[in-house]
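Encoded as structure tokens, the structure appears first; notes follow it.
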Amino acid sequence: MKKDIFEAGFLKEMVKVIHDMWLKGWDERNGGNVSYRIKNEEAEEYIQETENTDYTDLNFEVPNLANEYFLVTGSGKFFRNVILDPEDTLGIIKINENGTKYRKVWGYKNGGVPTSELPTHLSAHSVKKSLCGDKSRVVMHNHATNLISLTYVLDLNTETFSKELWKMSTECLVVFPEGIGVIPWVVPGTVEIGNKTMEKMKDFNLVIWPFHGIFGTGATLDEAFGLIDTAEKAAEILVKVISMGGRKQEITDRELADLAESFGVTPRKGILKL
Ligand code: 2HA
Ligand code: ZN
């Protein structure tokens, strides 16, 4: 007998983080999507294996995610409604034994399907699992307003975005010393945007999609949310600074290097000019 999934910590945390994202104003209408790679022991406690053999092709391969379970937001679902009906707006999928297909094992109860950004989520999970194992279980996407705004006015590269955000709030360099990855504009929901994001995920935990939104990863929902929240807060400050006519003073590159040394983090090479 499996435990009641509505008592599962991972489901409660997912509902809460999604509601928090909605309250932040990052997820208008059906904007945004989140996936959590469920730990095996959690999956075994809560998920009743179904007879469902109705597999959907992924159209790409993630062999290292074979037999993994993912809690994933549903396509077209509004984040503001997740708190009202998690079993309709969320679902759990299980990847097949060679990482080429998935089937639904819980949720999506009115015939829903996982997010249109599943290619990016699973590609990112695949890279992160191979690089950091249990230290990465969450992929989170949303339309954080100020980060998107900056993609219209800053040069679209890692050096510019990372340094500008590091300079806007002292904690940024400590929270994301590896900086922030930037890809070109690509049609969302495609395997191509999944591949481009995956390439960046080898080096970053934050990847910006210009004129669209942000992807963040982490070991936990709290971590992925906190990472995006920190970057978005810095972006908000930068938007305000630019709107007020620009800066009169700032944290210097030397001071950022001192900060990094003091906190024991290594800033991505080539960004600070010392
Ligand atoms: O799920 O945010 O990128 C809706 C989106 C697509
Ligand atoms: Zn989006």
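The count begins at 1 with the first shown residue.
Here the Cβ of each residue, glycine as well, is placed from N, Cα and C on the backbone.
Worth saying up front: this structure is predicted, and the values here are computed from it rather than measured.
The annotation in TrEMBL ties HIS141, HIS143 to Zn(2+), and of the candidates under consideration, HIS125, HIS212, the one tied to the same site is HIS212. Counted within 10 Å of its Cβ, the other Cβ atoms near HIS141 (Zn(2+) binding site) come to 30, all protein chains included. Those residues of the chain, other than HIS141, HIS143, HIS212, with a C-beta within 8 angstroms of the mean position of the Zn(2+) site C-beta atoms are GLY31, GLY32, ASN142, ALA144, ILE148, PRO188, TRP209, GLY213, ILE214, PHE215. Taking Cβ-Cβ distances under 8 Å and a sequence gap of 6 or more within the same chain, the neighbours of GLU117 (active site) are ASN33, HIS141, PRO188, GLY189, ILE193, GLY194.
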